[in-house]
């Protein structure tokens with residue numbers, strides 16, 4: 001026994017470090033909360049978009065990791081002086097560039113608890129609460145959205161929390177692929193065709209590449225301004241018939257509720273009718289706008305989802321849940337499981353073999369998974385359906401107000417209908433005296449975008465709709481209020497005025513010289 005005791009003492013002396021001592025964790029945890037609270041108190045004062053140049057951080061950080069420990073105080077000082085200057089502040093109330101990554105006290109605290117527990121909930125046995133809470137909150141959320149019962153666990157379907165929409169689309173596409181190939185034969189993968197619009201998020205194209213779909217069989221159907229950039233059911237059916245005539249196999253349709261470029265909503269009832277006629281898997285991507293559909297006045301945009309096979313939205317976008325949390329519901333979980341399940345010996349257990357539990361490892365690409373359900377549960381309980389609806393309505397109201405400001409200024413025009421909390425607008429051709437060429441109008445709008453973003457006062461982004469360069473003004477930040485919207489519009493007006501004056505002066509000079 002003596003030799004074992006000596007070995008125990010020796011090993012104990014070799015590992016003196018306790019990296020999770022409760023009282024030190026408490027002390028440092030308070031420091032971190034204080035740091036973040038101070039950050040949020042002054043986040044509005046930072047330039048919204050980072051002003052650094054590529055490679056700035058490598059120039060100011062050491063070439064190798066420290067040999068000796070450093071204090072949290074020292075590390076946080078470096079965060080303040082070295083990291084924050086290189087952050088684009090997504091939580092700034094003046095961030096209007098992309099769909100929000102909305103945060104909240106409840107979301108942060110749920111994330112903290114999830115990270116603190118640090119469980120790896122790949123199946124029911126390794127953390128029953130992680131699995132069962134996810135079952136519950138996805139059913140809760142599904143009921144809030146009035147999803148068909150067939151998408152809920154209580155109706156034979158079910159929900160799963162993925163990291164992002166990219167993962168959700170890939171999982172459903174793989175499930176659709178394998179279901180089809182079991183019917184038509186594995187050697188027909190080169191004949192499978194995926195359909196979407198030219199407004200569909202690029203996540204689908206990436207998923208199709210990963211899933212082995214021939215790039216020649218990816219159909220991004222053209223949309224038009226006259227139809228508000230919706231996917232046209234007649235064009236979809238025409239594309240399907242053309243592919244069938246050429247011996248191809250229509251596989252998968254992705255319809256969108258709230259496109260990234262303009263937030264348009266594809267006509268789900270007509271599209272699903274066409275898709276079901278030809279036995280396509282239908283996925284509805286509502287990454288951004290899906291959250292709004294908990295409000296009765298927006299639920300209409302999900303009409304037709306009852307004919308879809310899967311549906312997803314990002315709670316981390318407009319639902320106060322913090323990145324990452326994508327909710328995916330499927331009508332037939334067995335389709336996912338057949339494609340994504342693995343059951344090596346070291347994962348076998350009695351609970352799984354009863355087939356009475358959900359093993360979420362078989363609903364996703366990865367094996368390991370985080371306890372995401374905690375933060376969604378915290379958000380749902382902390383704010384309730386009523387306050388969550390008002391949060392969304394507040395942003396929609398601000399967008400409506402901004403739209404009114406744009407319409408009152410004769411130099412600008414709204415380019416696409418505003419449905420939710422984003423406005424697509426531009427300096428219109430008539431504001432540019434003697435310059436009605438579309439390329440020149442696009443260029444002045446590009447310069448406006450660069451000018452306001454370089455100022456650091458606000459951050460906006462752009463898209464191109466039907467050849468028109470458009471500025472996107474997306475409202476959704478947790479800290480944004482009507483005063484920030486008004487101030488942002490003043491920034492845009494001032495910069496537009498300066499650019500138009502310069503353009504007018506340049507044109508006059510050209511006239512004189514000619």
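From the backbone N, Cα and C atoms, a Cβ is placed for every residue, glycine too.
Neighbour density for residue 201 (L-phenylalanine binding site): within 10 A of its CB lie 20 other CB atoms from the protein chains shown. What Swiss-Prot records for 100, 201, 316, 346 is L-phenylalanine binding site, and it gives similarity to another entry as the kind of evidence.
Counting Cβ atoms from all protein chains shown, residue 317 (N6-(pyridoxal phosphate)lysine) has 25 others lying within 10 Å of its own Cβ. The N6-(pyridoxal phosphate)lysine annotation in Swiss-Prot covers 317 and rests on a curator's inference.
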Taking only the residues the record lists as binding L-phenylalanine, namely 100, 201, 316, 346, what is the largest Cα to Cα distance between any two of them, in Å to the nearest whole number? 41
Cβ neighbour count (within 10 Å, all chains shown) around residue 346 (L-phenylalanine binding site): 6
Tell me which residues of the chain lie with their Cβ under 8 angstroms from that of residue 316 (L-phenylalanine binding site), as long as they are six or more apart in sequence? 101, 102, 322, 323, 324, 325, 326
Binding-site residues near residue 317 (N6-(pyridoxal phosphate)lysine), in sequence order, restricted to 100, 201, 346 and a 10 Å Cα cut-off: 100
